[in-house]
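Everything below concerns the one structure shown next.
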Amino acid sequence: MGKIIGIDLGTTNSCVYVMEGKDPKCITNPEGGRTTPSIVAFTDKERLVGDIAKRQAVTNPERTVFAVKRLMGRKGDAPEVNNWKTHSPYRIVAGANGDAAVEVQGRQYSAAEVSAMILGKLKADAEAYLGETVTDAVITVPAYFNDAQRQATKDAGRIAGLDVKRIINEPTAASLAYGFDRKTNEKIAVFDLGGGTFDISILEVGDNVVEVRATNGDTFLGGEDFDQRVINYLVEEFRRENGVDLSKDRMALQRLKEAAEKAKKDLSTSMETEINLPFITADQNGPKHLMMKLSRAKLEKLVEDLVDRTIEPCRKALADAGLSAAQIDEVVLVGGMTRMPLVQKKVGEFFGKEPNRSVNPDEVVAMGAAIQGGILAGDVKDVLLLDVTPLSLGIETLGGVFTRLIDRNTTIPTRKSQTFTTAADNQPSVSIHVLQGERPMAGDNMTLGRFELSGIPPAMRGTPQVEVTFDIDANGIVNVSAKDLGTGKEQSIRITASSGLSESEIQRLIKEAESHADEDKKKQELIEARNQADGLIYGTEKSIADLGDKLDAATKSDIEGKIEALKKVMDGSDLEAIKTASEELSRASHKLAEQLYQQSQQGQPGAGPEAGDAGHAGHAGSAKGDDDVVDADYTEVKK
């Protein structure tokens, strides 16, 4: 088995770690960053991922997709998605299967497909770093992700060419990294506020055991919402001062988004920052500039209710764990938003202790994922991880009631069975409606799937015995089966993302991703060949200029002809033609190099009697050491 990489697939940024021996190591991207923006952009010619996609977002807002994690496993008409549509510069639609998708240049991309593009970039960066092919990964998800969102994440990994060995909850991964090699037993709370999601997990860590006691959260609360509050404020202030509504201008909104994110970060360390966006828009009177000061106090006033929304899940998680805030030994902060002083203050007040900031909030989740990869590969020994399912699972029963089979915060993997019966006389089949959630009525919870158990022999209602079994694997993914105990007939369903990608669609997207990988490789080879050709032309032309009249006309004409031939093909896309022309010019330029070398030797003092009238005769031996120096007669030439 090769290396298993650990990936934190974040809303705003993603990060990759790998175990090197017993130590987790961050894999930097080619740009030198330890995290990679979770952004994909489409241009007329190519697809861009990461930093390069982020850099061009202002000039290409409608084709630059960010925060796609917020759409994973969600319906196109879900309230959260409809809310996100109002702020998003790119187009969000309901796909053919009803799931949220993005539409760029007339083509629809599922959230899993866009996430796969990000994962593909992370995979390629890991391969470049390790110098070997990477096929296995552990990918993290928010603890409060439901089954559909987990399955969509796993599908994204498959499309990117990764065998996802384990889906692990982000706070659990963070606690794994925090508790790695710790011997003391502690009850910890992992407060994880990232770019798009919030999780709180209560765990017991120590003596190489990490046990999740309870988890809670909000999968639509994060840094993107904080940025949006700042954007709304800037738009309103600019409208009040200039009478211009920037919210209608997508390019201006993208500039505002970048400025809002930067201001938010700046205010974590300073009390005031200045937002300066020249030429943000124009009207009949000319260009308009946005220049505004934003204080930390104003920012905190804008977002205080968002921070307060994190407290209730903390309260619920503690109650589910059967603990009080005073019984928590450490509160570990995870996610970039926990750098905000107001967040740290509110967390400290709720738990009654100063939060622990000893871990890197941007990297600790990926580090934990890599440690989990090491456990699965057998490289990390004697570490036991006990995770939980975040939401209750059950089926719909008579009267539209949600009957739980597995309660939330049950340790996984787990298996639970319960026997049900028919609701009518001579009922030939039963429909099993599988649900996930906490509401008492089935209609208020999320549908994971439906299947039919047919062929039940005619009998009075209440007579047939149908055993329904729920099985949750270590990834938190659900399998459900129903068995007629009278006939032994059984029917089962592996719950996939609700109305999600079919197997044939996944296979098609895998092939497309592989094809893109080949295209990207060829494109990279073409760019490298062009760069080498450009360098060769520059060096050869410089050599010709340096030699001047000392280069005979025939040689000069031959080389210049080869330079023109290379220039003609290097802007094209024929890689072999560029390589051939480069090789021909390279061979010809060797003669130049020889002549240039001889010329440089002749012009230097100590090069011999031919060095020129003003030169001295050279030493007869080399000067490697005193023993090798040979005295020689010399004649002083007087001018």
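A Cβ is built for glycine as well, from the same backbone N, Cα and C atoms used for every other residue.
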Original post:
With Swiss-Prot as the source, which of 487-537, 589-639 is set down as region 'Disordered'?
Top reply: 589-639
Original post:
Over all shown protein chains, what is the count of other CB atoms within 10 A of the CB belonging to Thr197 (phosphothreonine)?
Top reply: 27
**OP:** Give the three-state DSSP assignment (helix, strand or coil) for Thr197 (phosphothreonine).
**Re:** coil
